């Protein structure tokens, strides 16, 4: 059971790293994630969130 939990955690961390690397930052300033939805869709990405005052878009 401990091995299964360790493998599950490793897979979760790897998927987070892959998801972050696929994203791209666009030059749109924001204060909350709701402001990023339309600019990210216009950039050809599906989702967006506000990180450090700029929109970060991801394809998933």
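The backbone N, Cα and C atoms fix where each Cβ goes, and this holds for glycine too.
Per Swiss-Prot, the features are as follows:
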SIGNAL    1-23  signal peptide
DISULFID  30-50  disulfide bond
DISULFID  36-55  disulfide bond
DISULFID  40-57  disulfide bond
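All features noted in Swiss-Prot, drawn onto the structure.
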residue : record         : DSSP (3 states)
30      : disulfide bond : coil
36      : disulfide bond : helix
50      : disulfide bond : strand
55      : disulfide bond : strand
Cβ atoms near residue 40 (disulfide bond) (within 10 Å, other residues, all chains): 23
CB contacts for residue 30 (disulfide bond) [other CB atoms within 10 A, all chains]: 19
Among 36, 50, 55, 57, the one of these disulfide-bonded residues whose Cβ has the fewest neighbouring Cβ atoms within 10 Å: 50
Residue 40 (disulfide bond): nearby disulfide-bonded residues from 30, 50, 55, Cα cut-off 10 Å: 55
Listed disulfide-bonded residues 36, 55, 57, filtered to Cα within 10 Å of residue 30 (disulfide bond): 36, 55
